[in-house]
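Asker: Below: one structure in structure tokens.
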Amino acid sequence: MHGIYLVTDQTLCLGRPLASIVADAVRAGIACVQLREKTASTRKFLNQALALKPVLASAGIPLIINDRVDIALAAGADGVHLGQSDMPYDAARRLMGSNAIIGLSVETWADVEAAQNLDVAYLGVSPVFATPTKTDTRSPWGLDGLARIRAYSRHSLVAIGGLNAANAKEIIRAGADAVAVVSAICSAEDPFTAARNLVHCFDSSTDKET
Ligand SMILES: Cc1ncc(COP(=O)(O)OP(=O)(O)O)c(N)n1
Ligand SMILES: Cc1nc(C(=O)O)sc1CCOP(=O)(O)O
Ligand SMILES: [Mg+2]
């Protein structure tokens, strides 16, 4: 996993359709989309996933489903993001198959150690900074915690929590392979420009432009 990773939240889109925010972000060059619906019905969640799938597939961008392996399978999504209270990795892998992208949140050092033997595509470093978007988190890792995970883990690291264009560079310097954002794109006045700024920030902080 590498680049800007959009995690969606329909409730933070300021009344705009999620599909238009995702389309703007795709046009701006983001690398991945996670559909995260914490309150929608199963049917609405699935319909959102089915609607996004062809748009993202034609852009070559993976669609990851938050929490719900059943929705991921029913929508033909590319993968699932699992938290520490969600379906365990082994069960999700059995259901999703060997090609599926499975991401896993790490909230504690024990989580990081336990993940070392799992064939996950990335670790979600949860959270790097405290954020009003998700308040039921453990203590933030901070930049030092992120760097400590980078030094130990064999996995790709997706940083999440309180990230935006102002702090993306230091997050990458601390060892993140991808920067995940919700509000910095979903709640931006101009989601395309916000996503493009994040993509430029990412590209100028990595080998891509050096
Ligand atoms: C990339 C990424 N990292 C962490 C999370 C958080 O997952 P989880 O701990 O399961 O919390 P919810 O998102 O389900 O509230 C994530 N979604 N994505
Ligand atoms: C979905 C999510 N997971 C987190 C975690 O710490 O696991 S923080 C978070 C929300 C991140 O939102 P924003 O980019 O607006 O700060
Ligand atoms: Mg979860």
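Backbone N, Cα and C define each Cβ position, glycine as well.
Predicted, not measured: the structure shown is a model, and the values here were computed from it.
Got these off TrEMBL a minute ago, pasting:
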DOMAIN    4-185  domain 'Thiamine phosphate synthase/TenI'
BINDING   Gln34, Leu35, Arg36, Glu37, Lys38, Asn66, Ser105, Lys134  4-amino-2-methyl-5-(diphosphooxymethyl)pyrimidine binding site
BINDING   Asp67, Asp86  Mg(2+) binding site
Asker: Here are the binding-site residues: Arg36, Lys38, Lys134. Which has the lowest count of other Cβ atoms within 10 Å?
Answerer: Lys38
Asker: Among all protein chains shown, how many Cβ atoms are found within 10 Å of the Cβ of Asp86 (Mg(2+) binding site), not counting that one?
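Answerer: Its Cβ shell of radius 10 Å holds 17 other Cβ atoms.
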Asker: List the binding-site residues Gln34, Leu35, Glu37, Lys38, Asp67 whose Cβ sits under 6 Å from any atom of ligand 2, in sequence order.
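Answerer: Among Gln34, Leu35, Glu37, Lys38, Asp67, near ligand 2: none.
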Asker: I'm checking region-level scores; what's the whole-number mean pLDDT for the domain 'Thiamine phosphate synthase/TenI' (4-185)?
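Answerer: Within the domain 'Thiamine phosphate synthase/TenI' (4-185), the model's average pLDDT equals 98.
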Asker: Under a three-state reading of DSSP, tell me whether Asp67 (Mg(2+) binding site) is helix, strand or coil.
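Answerer: The residue in question, Asp67 (Mg(2+) binding site), is coil (DSSP, three-state).
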Asker: Enumerate same-chain residues with a sequence separation of six or more from Gln34 (4-amino-2-methyl-5-(diphosphooxymethyl)pyrimidine binding site) and a Cβ-Cβ distance below 8 A; give 'none' if the list is empty.
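Answerer: For Gln34 (4-amino-2-methyl-5-(diphosphooxymethyl)pyrimidine binding site), the qualifying residues are Tyr5, Leu6, Val7, Thr8, Ile64, Ile65, Asn66, His81, Gly103, Ala180.
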Asker: Measure from the CA atom of Arg36 (4-amino-2-methyl-5-(diphosphooxymethyl)pyrimidine binding site) to the CA atom of Asp67 (Mg(2+) binding site) and give the result in Å, rounded to a whole number.
Answerer: 8
Asker: In Å, how large is the greatest distance between any two Cα atoms among Gln34, Leu35, Arg36, Glu37, Lys38, Asn66, Ser105, Lys134, the listed binders of 4-amino-2-methyl-5-(diphosphooxymethyl)pyrimidine?
Answerer: 17
Asker: Roughly how many Å lie between the Cα atoms of Leu35 (4-amino-2-methyl-5-(diphosphooxymethyl)pyrimidine binding site) and Asp86 (Mg(2+) binding site), rounded to a whole value?
Answerer: 15
Asker: Are any of the binding-site residues Leu35, Asn66, Asp67, Ser105 near ligand 1, with a Cβ under 6 Å from it, and if so which?
Answerer: Asn66, Asp67, Ser105
Asker: List, in residue order, those binding-site residues out of Gln34, Arg36, Asp86, Ser105 with a Cβ under 6 Å from any atom belonging to ligand 3.
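Answerer: Going through Gln34, Arg36, Asp86, Ser105 in sequence order, those close to ligand 3 turn out to be Asp86.
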Asker: Rounded to a whole angstrom, what is the C-alpha distance between Glu37 (4-amino-2-methyl-5-(diphosphooxymethyl)pyrimidine binding site) and Asp86 (Mg(2+) binding site)?
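Answerer: Here the two Cα atoms are 14 Å apart.
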